[in-house]
Amino acid sequence: MGLASAVHHGGGIRVALNYELRIAPISSPVQAPKWTKLRFAHPRLSTAYSVYHNRRSPVAFSKATEQEDQLSTDKGLLPDDKEMTIFDHLEELRQRIFVSVLAVGAAMLGCFAFSKELIMFLEAPVKAQGVRFLQLAPGEFFFTTLKVSGYCGLLLGSPIILYEIIAFVLPGLTREERKFLGPIVLGSSILFYAGIAFSYSVLTPAALNFFVNYAEGVVESLWSIDQYFEFVLVLMFSTGLSFQVPVIQFLLGQLGLVSGDQMLSIWRYVVVGAVIAAAVLTPSTDPLTQMLLATPLFGLYLGGAWVVKLTGR
């Protein structure tokens, strides 16, 4: 049974709404499901688009639910996932943020209890060079311990944050998307910690030794404890973040935005980009530190491009 149509002219676009009511052949009229059809037409196109909205009756609800579950299975969705309202999602998000903040706070307190040991560990790259550290203002060392405890607590609490993020977004992913979640998370974590280890063992000592040797015989190396740790911590975390390049490449490849061959074809531009990124990420201005960071960045890019190519993207 057709109902009246309404035509609206606005900005040269005509929208025709045709409401149609179809009654399924069910014995009881109370139990009959209703469909509302909305038809959208463009004056210059021969095609039109229709959207159906089904208001299910109690009798038809069970059968329709079974059909939707089958459709969800065909699309890779999981029908056993619990359907939640927007308020349920907000409540879950609030709880997971609270757990993440609590975990990071506990890690920071634990790191603060061993802050002196952590500071001595981070001073090791230049201790052998005869560098001495000074406290140039009252409370500078105390605030430095707070800063070091904050960075280390965030580093130790990051697995909990990552877990809470995954647990929050996992129900909204299909089977196909969940299949790649594990490798992405594992690879991202390994690369981040590998970047921090590379910065501590290679990048930071090379940069600091360059400054010490450059000033040798002219000035005595008496460094501010606060500025030293500002330099070291920023360099370490910047290196860890820059090591996420292969993960970004893998995501772009899985989304079909860029192929592995396309990534490999622009390697000349990547060399320039790696040098610029190293200059931005490193807190120092010496070319040695920038080259030491640009080289692994370029290597990681090539490795990520080959991974995308080998996965058939």
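The chain as shown is numbered from 1 upward.
Here the Cβ of each residue, glycine as well, is placed from N, Cα and C on the backbone.
Caution: TrEMBL annotation is automatic and unverified by curators.
Annotated transmembrane segment per TrEMBL: 97-115, 148-170, 190-211, 231-252, 264-282, 288-308, in sequence order.
In terms of C-beta pairs under 8 Å, the stretch of 97-115, 190-211, 288-308 lying closest in packing to the transmembrane segment (231-252) is 190-211.
Taking pairs at least six residues apart, the transmembrane segment (190-211) and the transmembrane segment (288-308) share three or more Cβ pairs below 8 Å and count as touching.
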